[in-house]
């Protein structure tokens, strides 16, 4: 009884206290696919196109693996019942049943409570645009079992046609008509109900531009928690308009820029250009910064140099926005397009001694300890092969030359430090120290390394 009371108390405190601003101030998200994070097995999944056995109970046993890297939020897959083969959660066929492959209602509550007891917030993935594959008339869907609840059977063929994007089918999935009062009211009520029932702290919203903005404006108030929306598009102007109706959006334009700058080793000046364009967003601190996710080929699938991956991760984990880190990156997973980028994590043995796990832990813990998430990101140097910026008194220096790139040397004259200030490199604080003299200091990056300096 006492233990149950403690869990209940933690649930109430955490679930009610996280405003969007608090998410941006100190939360760093670790994304999992529920079916792929933990199953209780150690055998690799043989078919990544179907269920692999991941579940809530097994996930509880590996929360320390996540917390060990410093992450204090977790994004899980959609929880609802899915059509056959919907291991990912995006094909719901019954809004009022849970996906039995992941566990029962009590299992889900136990998982959320276990997260909260470790100080980990839980973000749930939600689909409002479509239902699972069902042909022309998904009459078996609950509760959307009438033809009037759907748009006509047309396919999205022109992503520049917003009317088509909002009213036709994505990948031939039956498209819900949110203008129908029953559909709208049901989706609004349902999200509030599950947040109250399970104590979720945030909501990740799938397929945002496929639904009119007016729907999202009211949806946010019904959810009552931080909303982070997916607008799968590289156009800043297009993506940023949705921040008028949602708290945050995934930083897809910058993700594509990082792929070019570090993955393809194109000019680093593209970061400067993209950051200039980001003035279109109303609040950069509420954006979800990411490199890999379940919908895109992993970085290491097209760029095998781990130094370049670490440089991209260093930018993502220290730049403005809420970092969203995809499971398996810390194990060097290199799967290509879906479903290959959705590997089971247990094949790694949850190894906490990999170089990438340790690197991630170092940077994540540093971000939390330095508390610079609300500090402006100021560019300090930019050219084709070197980029530096600061957040408060933290100075980040990166290069895209990779592990075979030799030495990159720059003299920094625009920085946040006073003469005489001693600064230390996060990765070698005892051996790599600099004292600012004559309003400048030199930075050397050898073999594609990353450096993060702070006053010491």
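Glycine too: its Cβ is placed from the backbone N, Cα and C atoms.
From a predicted model like this one, the values you see are computed outputs, not experimental measurements.
Noted in TrEMBL for the protein shown:
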SIGNAL    1-17  signal peptide
DOMAIN    31-367  domain 'Glycosyl hydrolase family 13 catalytic'
DISULFID  45-52  disulfide bond
BINDING   91, 130, 204, 234, 295, 342  substrate binding site
DISULFID  154-168  disulfide bond
ACT_SITE  206  active site, nucleophile
ACT_SITE  230  active site, proton donor
SITE      295  site 'Transition state stabilizer'
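When the disulfide-bonded residues 45, 154, 168 are scored by other C-beta atoms within 10 Å, 45 scores highest. Among the recorded positions 130, 230, 234, 295, the residue whose Cα lies closest in space to that of residue 45 (disulfide bond) is 295. When the recorded positions 52, 154, 168, 206, 230 are compared by Cα distance to residue 91 (substrate binding site), the shortest distance belongs to 206. Taking a C-beta cut-off of under 8 Å and a sequence gap of six or more, residue 204 (substrate binding site) has these contacts in its own chain: 75, 123, 124, 125, 126, 228, 229, 230. Counting Cβ atoms from all protein chains shown, residue 234 (substrate binding site) has 15 others lying within 10 Å of its own Cβ. For residue 52 (disulfide bond) paired with residue 295 (substrate binding site), the C-alpha to C-alpha distance reads 18 Å.
Of all the binding-site residues in the record (130, 234, 295, 342), the one with the smallest CA separation from residue 168 (disulfide bond) is 130.
Residue 295 (substrate binding site) is surrounded by 15 other CB atoms, counting those within 10 A of its CB over all protein chains shown. Here residue 206 (active site, nucleophile) is positioned 17 angstrom away from residue 342 (substrate binding site), judged by their C-alpha atoms. Residue pairs drawn from 91, 130, 204, 234, 295, 342, the listed substrate binders, are separated by up to 25 Å at the Cα level.
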